[in-house]
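Novice: One structure follows; several queries about it will come next.
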Amino acid sequence: MTASKDDAGASDDHASLLEALGVDVRPDLLRLALTHRSYAYENGGLPTNERLEFLGDSVLGLSITERLYHEHPDKSEGELAKLRASVVNMHALAEVARGLGEGGLGAHLLLGKGEELTGGRDKPSILADGMESLLGAVHLQHGIDVARGVVLRLFADLLERGPRMGAGLDWKTSLQELTAERGLGVPSYEISSTGPDHDKEFTATTVIGGRAYGQGVGRSKKEAEQKAAGAAYQALTAES
């Protein structure tokens with residue numbers, strides 16, 4: 001795929017990305033998978049990666065659900081759902097996306113100028129959507145068996161960590177369950193921000209029973225709160 005003058009922020013060398021995926025993807029299909037709606041709208045209404053994202057979401061969900069079903073025959077439907085939530089969520093997808101190829105998936109995305117200016121290449125929501133789009137593209141070209149193999153390889157670490165992490169990367173849920181078990185009440189989050197409106201950075205502090213347990217920093221309040229909850233979860237479990 002050759003970059004145009006409007007693709008300046010994106011890498012036009014996708015060898016490392018394809019190597020990380022472990023499969024080849026046709027240039028036209030790969031370009032579609034990398035085309036965020038912001039870029040499409042700024043370039044005459046090109047097709048976006050949203051349909052591939054829709055497909056990839058199902059591929060990911062089926063692959064992870066099937067693996068969990070077979071690996072944990074002793075767990076209930078509710079427990080399996082929680083394990084799946086530790087892998088199939090925005091933050092988990094973004095984590096995997098950041099490890100894809102040189103510079104991560106974000107370096108390869110086609111974004112509009114607005115997203116480019118506001119740090120879109122590292123936004124968890126954009127990375128997660130792009131990850132699902134890539135999985136959709138792999139499925140479309142190679143079929144479900146190959147796509148499943150890609151999913152299970154890329155998400156192997158998260159699948160292994162999930163059973164040890166409660167609700168996993170949904171740290172706020174994990175933390176709330178932990179504090180309820182210990183009779184500590186419901187955690188709250190204090191938020192502060194720095195920087196201009198188009199490039200804000202948020203800091204969240206987790207407060208439990210009037211005591212600060214952990215901080216997190218992110219480009220959105222939600223991301224900062226998740227990180228702060230994770231820090232608090234680790235601190236609480238270390239106390240036990």
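Note that Cβ sites are derived from N, Cα and C of the backbone, with glycine treated the same way.
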Novice: Per Swiss-Prot, which one of Glu53, Glu66, Glu201 shares the Mg(2+) site with Asp129, Glu132?
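Specialist: So the Mg(2+) site in Swiss-Prot includes Asp129, Glu132 plus, from the candidates Glu53, Glu66, Glu201, Glu53.
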Novice: Would you mind listing, in sequence order, the residues at least six apart from Glu132 (Mg(2+) binding site) in the same chain with a Cβ closer than 8 Å to its Cβ?
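Specialist: Long-range Cβ contacts: Leu52, Glu53, Gly56, Asp57, Leu60, Leu93.
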Novice: Can you count helix, strand and coil residues in the domain 'RNase III' (13-143) using DSSP?
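Specialist: The breakdown for the domain 'RNase III' (13-143) reads 94 helix, 2 strand, 35 coil.
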Novice: Counting Cβ atoms within 10 Å across all protein chains shown, which of the recorded positions Glu53, Asp57, Asp129 comes out on top?
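Specialist: The largest 10 Å Cβ neighbour count belongs to Asp129.
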